[in-house]
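Per Swiss-Prot, substrate binding site is recorded for Asp21, Phe22, Asn23, Arg36, His59, Leu60, Gly61, Arg62, Arg119, Arg154, and the stated evidence type is similarity to another entry. Summarising the annotation, Swiss-Prot assigns ATP binding site to Lys207, Gly299, Glu330, Gly357, Gly358, Asp359, Ala360 and lists similarity to another entry as the type of evidence.
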Amino acid sequence: MDKLSIKDLSPEGKKVLVRVDFNVPIKDGKILDDVRIRSAMPTINYLLKRDAAIILVSHLGRPKGDMFEEAYSLAPIVPVLEGYLGHHVPLSPDCVGEVARQAVAQLSPGRVLLLENVRFHRGEEHPEEDPSFAVELAAYADFYVNDAFGTSHRKHASVYRVPQMFPDRAAAGFLMEKELEFLGQHLLVEPKRPFTAILGGAKVSSKIGVIEALLSRVDNLVLAGGMGYTFLKAMNQQVGNSLVEETGIPLAKRVLEKARTQGVKIYLPVDAKVARRCETGEDWQELSIQEGIPEGFSGFDIGSKTIALFSEVIQDSATVFWNGPVGVYEVPPFDQGSKAIAQCLASHSSAVTVVGGGDAAAVVALAGCTSQISHVSTGGGASLEFLEKGYLPGTEILSPARS
């Protein structure tokens, strides 16, 4: 990695601003999955052992950006963080302003302070509208560390503007280094072949960049989820009322033609679990794609023949990257396809298997096979952008490695 590492810093007795990604799922004030908090602990513990004063910065969800909203407060994170650290972690009720400045001033070496959600301020997501927001955050510390891989594809203040104010003092944390090195080495530089990418999710348009980039890298491209029906319609298949992005049909046709000319095999569903409505998961049936999905019915998951087909492709691959569920995994029985993909990846121990964060990571966790996957990324959109472009804005802006 050609960027400054946390190991290159001399943080003893100094204040270090650490951008973490604590954007975790919360229900009724309880954290449902704390993997992103756990993933940041190596960086936090390393700095604590070196007697640094650590100021943690994170976002949570999508608040309006101009006021405090209790639903998006970082308060539920505090007890989890304290459990891992074994000592009290104060939460500043704001991330900027006099209260935050006082909290930072009182922070002693060897202790941790958590600042409230940076997205409560418009200057985080729209730094051009309020440049002073980044300036105030940067003023707290002597060093900056980015350990928030999952949000480093965004040019937000705490990820992109703040590190620019730390010349030769903006470094990558351990999680960031792990993500970049694993994804870079195993998916971009030297993927073992055959290399298969599995992409799910709803829209072709939101993933067209990464799809076209992958066509020059992969041997097989598996397309499913809502996006799969757009490709099927582009091939003149009858998909009933299934989710189709009409504006994505020309893009799908372009991808299919490029894949043909570049020798990449495209795999699409050959059958589907369909129903009139998704909510209850009742009255579903499996239908062949070739025979068509009738009007009034929608496909909500891949069928058993498609599971067998996709599983065979996975088993014949040496590298597999998966991003996006292949069905509505939140509603049984439409979770079976995604869980089957997760279990197939987990059982293929001889391959390099990478799950690109987001919903796919949630499915792997639900299937109980996270530990059997080579690498589960903490960033969905970030992993896709890294595969597409080979870099992320939040990492490119970090200080260069010392020679």
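Note that the numbers count up from 1, one per residue, in the order the chain is shown.
In case you wondered, yes, glycine gets a Cβ from its N, Cα and C as well.
If you look at the structure here, what lies around each of the features I listed?
Following the DSSP three-state reduction, the secondary structure of His59 (substrate binding site) is coil.
Around Gly299 (ATP binding site), the same-chain residues six or more apart in sequence whose CB sits under 8 Å from its CB are Tyr229, Val239, Gly240, Ser242, Pro269, Ala272, Lys273, Val274, Ile293, listed in sequence order.
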In angstrom units, rounded to an integer, how far apart are the Cα atoms of Gly61 (substrate binding site) and Gly358 (ATP binding site)?
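Given the Cα positions, Gly61 (substrate binding site) is 13 Å from Gly358 (ATP binding site).
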Of the residues named as substrate binders, Asp21, Phe22, Asn23, Arg36, His59, Leu60, Gly61, Arg62, Arg119, Arg154, how far apart in Å are the Cα atoms of the most distant pair?
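About 18 Å separates the two most distant Cα atoms.
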I'd like to know which of these binding-site residues, Gly61, Gly357, Gly358, is least surrounded, judged by other CB atoms within 10 A.
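It is Gly61 that, of the binding-site residues Gly61, Gly357, Gly358, has the fewest other Cβ atoms within 10 Å.
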